[in-house]
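According to TrEMBL, the transmembrane segment annotation covers 68-85, 120-140, 207-228, 234-259, 353-375, 395-415, 435-456, 476-496, 508-533, 553-572.
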Amino acid sequence: MGSEETRQHEVLSPSTLKLKIKADEGEEKQNWVYDSSVDYRGNIPRRCSTGAWKAARFIIAIEFSERLSYFGLATNLIIYLMRVLHQDLKTAARTANCWQGVTTLMPLLGGFLADAYLGRFSTVLCSTLLYLAGLVLLALSQLVPSLKPCDEVSCQQVRKVHEIIFFVGMYLVSIGTGGHKPSLESFGADQFDDGEAAERKQKMSYFNWWSCALCAGVLLGVTTIVYIQDKVGWGVADIVLMCIMGFALVIFLAGRLVYRYRDPEGSPLTPMLQVAVAAVAKRHLPNPSSASQLYELTASGSTTKRLLPRTNKLKFLDKAAIIEHKDDESAFTWQKVSPWRMATITQVEETKLILAMVPIWLACLPFGMCVAQVSTLFIKQASSMDRKLSRNFELPPASVFSLAAIGMIISVTLYEKVLVPFLRKATGSERGISILKRIGIGMVFATAAMAVAAAVERKRLNSLPSSLSICWLVPQFLIMGFGDGFALVGLQEYFYDQVPDSMRSLGIALYLSVLGAASFLCSLLITVVDHLIQQTGKAGWFGKDLNTSRLDLFYTLLAGVNALNLCWYVYLASRYSYKSVQARVGTAYSDDEDDVESRDATLDRP
């Protein structure tokens, strides 16, 4: 009798049962992370013992060390090329831009390999080892007598073997950076679960604090490391960088037990190609009028990946997901149909995402050209000015780059601690300001920085033969740093958030490719402009040294190009639709709160 009463008490009404199940699911979600990541054993990760800031701090530490090493090399590269390898200004600028271009385009390959085959953790590990190998070669080229530039303290003819070892070492650093940059940053962002509100907010802050750590590394690299290069020796500086990167590798490996990992999913480009092939194959079919005519995996059980709802743009691609034999739907399964003939709604929408990013990528190139000047021609400007801060201390030219890092740290801190909290309260948006608006603000700063740089360079030329104080360069570096705090961080977040989930490393690589392609465009622009000016019978804008050059006109040209491009960018940004994600309960939410559409996006099952 008692057991019967117990059973009656255990019988719950449907509404009570539904609430109980919902509470159990909420408790389960709080304890475990269901975002397709795994722990180091390959199991579903526990939220309390993996990921979030407890893991991200190890990753940010190695980023600090890598940026210290990279900028310790990059900012003084043009000085080394002219002072040690005896290249003229035009050749040195082209060589430096070429190296920077390769360094920032290599992440496209590194990001692809990380997403498709190696995984992000393994890619970071292998890339760091390549990076260390490059630093070893650079140290050897300075310390081994037969590999030094020459026997004398100063010489005009540099040994060919030194040039070979030096450039092999530098390009090994490029290759290492190519795998390191996209994989490390996306691996850090992977530690935060988008499906959990607290961690989603933490991830927004992650990109800001990542950039602060980056700037701290830059600051130390362009002051301490550059000072060692100028005052102690290039070889000693290379040994210091080797030790720093080796120590950073140890720190990275120390966090292995708390990381959340994502298994590689094969080539992320194949599904997009399948969508294109399937859409062309079904081009004779009419555009679907409702989502019920399109195929999608179910949101429960069939897949662990996030699903995307259908959008109304690029409708031709929707044909790739049309179910051709609706009558046979009960017998229809995904496994029975070739993926080259049938795509899911999510695959179609992921293809649309990538296509929609192309105009934004192109519109960011002029900004990238401004960024390229900071570590090349801005530094060369500094080398021709009065750098004495006291009777006994002269500032190394490359150390002026620290002003840009300081400006970026100030802008990111103000953005994170003042602007975002204020805008969250004022607008009710979780993000505060949309990603593309943030990038646009950075572009305005970059345009202003080029205009200021042109004015300062004109004043420097007019003051010859006396040397202008280096303090005149402070405004252009700081303004460019403010712009970086908005645009560069915004670009990182944009290309990480808006790409398909399976392309996160490749997304960071796309951000870096903006800077790489812009560096190559700078080299091309220098060559074309110089050639066209000389064709008129006048002296080119780029002479053998800075005093015979007209950098003021070049900076003015860049400011004009950026101002015109800004108008085009505003038009594109105003028409851009952010990625919406299919929540597991059947509603859609946008990755940018300014673009949320009040709609239900329930998925249709075939």
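Quick reminder: no glycine exception, Cβ is built from N, Cα and C everywhere.
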For the transmembrane segment (207-228), could you work out the same-chain residues 6 or more beyond its ends whose Cβ comes under 8 Å from its Cβ atoms? 60-61, 63-72, 75-76, 185, 188-189, 236-237, 240-241, 396, 398-402, 404-406, 408-409, 412-413, 415-416, 485, 488-489, 492-493, 496
Range from 68-85, 120-140, 234-259, 435-456 with most C-beta pairs under 8 A to the transmembrane segment (395-415): 68-85
Are there three or more C-beta pairs under 8 angstroms joining the transmembrane segment (435-456) and the transmembrane segment (68-85), sequence spacing 6 or more? no
Segment-segment contact (the transmembrane segment (553-572); the transmembrane segment (435-456)) at 3 or more Cβ pairs under 8 Å: yes
Close approaches to the transmembrane segment (508-533) from elsewhere in its chain (Cβ under 8 angstroms; 6 or more beyond its ends): 90, 93-94, 97-98, 100-112, 181-183, 185-186, 357, 361, 364-369, 371-373, 376, 491-492, 494-496, 499, 539-542, 554, 557
Which residues of the chain, 6 or more past the ends of the transmembrane segment (476-496), have a CB below 8 A from one of its CBs? 185-186, 189, 204, 207-208, 210-211, 357, 360, 364, 367, 370-371, 374, 378, 400-401, 403-412, 415, 435-436, 438-439, 441-446, 448-449, 452-453, 456, 504, 507-508, 510-511, 514
List, by number or range, the same-chain residues at least 6 past the transmembrane segment (120-140) whose CB is under 8 A from its CB atoms? 62, 66, 69, 73, 110, 113-114, 147, 165-166, 168-180, 183-184, 186-187, 190, 234-235, 238-239, 241-242, 245-246, 248-249, 252-253, 256, 259, 261-262, 505
For the transmembrane segment (353-375), find every same-chain residue at least 6 residues outside the stretch whose CB is under 8 Å from a CB in it, and list them. 71, 74-75, 77-78, 96-97, 100, 272, 313-314, 401, 404, 436, 439, 442-443, 446-447, 449-450, 453, 477, 480, 483-484, 487-488, 491, 494-495, 498-500, 503, 510, 513-515, 517-519, 521-522, 525, 555, 558, 561-562, 565, 568-569, 572-573, 576-577, 579
